[in-house]
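Colleague: If you scroll down you'll find the structure; I have some questions about it.
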């Protein structure tokens, strides 16, 4: 009976944590002090190792996101311009060339192809130049009938030139953004497949 009481008393003492005050002077230098965990305390949770691995997805930076958003903007503007070129091409076959160039610009922006984007940029500059020269020739040098609508022709010519200037500006920004990316950022740009794009208007 006495042994059972002593065993129960020892069990209670082992399961009940007790705090002892230890003076720093009582600990000799080089002595290892063990802190015991209470017997009934739950075991610590297992630690999960964290591993980091380098992938071939590339690196996404602010320049990468800017190029991504500009590409979406150029795609939108090339589609709008291509629709008007298709409508004009129904009346004149000459507008099939601008339609083809808008398709080139669309796929250049979609695939982040610098050469196709540069081709679209050159086309935009030539288009602005041709429209300006045509307006100057018709306005000042080519004889026109007396009932020619000068105000309407000038208005639509200026609107068309301003729109082409705007598109040329956006295409130039896209080409410059793609040109400034390094190889790692280019891989990161091609990996941005499902990111929500922000349309840039200027």
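We number each residue from 1, going along the chain as drawn.
Note: Cβ is positioned from N, Cα and C throughout, glycine not excepted.
According to TrEMBL:
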{"type": "TRANSMEM", "residues": "117-138", "note": "transmembrane segment"}
{"type": "TRANSMEM", "residues": "150-172", "note": "transmembrane segment"}
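I'd like these features described in context: how deep, what's nearby, how far apart.
Modeller: Tertiary neighbourhood of the transmembrane segment (117-138): same-chain residues 74, 78, 98, 101-102, 104-105, 108-109, 144, 153-154, 157-158, 160-161, 164-165, 167-168, 171-172, 174-175, 178, selected by CB-CB distance under 8 Å and a gap of 6+ residues from either end.
Cβ atoms under 8 Å from those of the transmembrane segment (150-172) belong to residues 70, 73-74, 77-78, 81, 105, 117, 120-121, 124-125, 127-128, 131-132, 134-135, 138-139, 200, 202 of the same chain, restricted to positions at least 6 beyond its ends.
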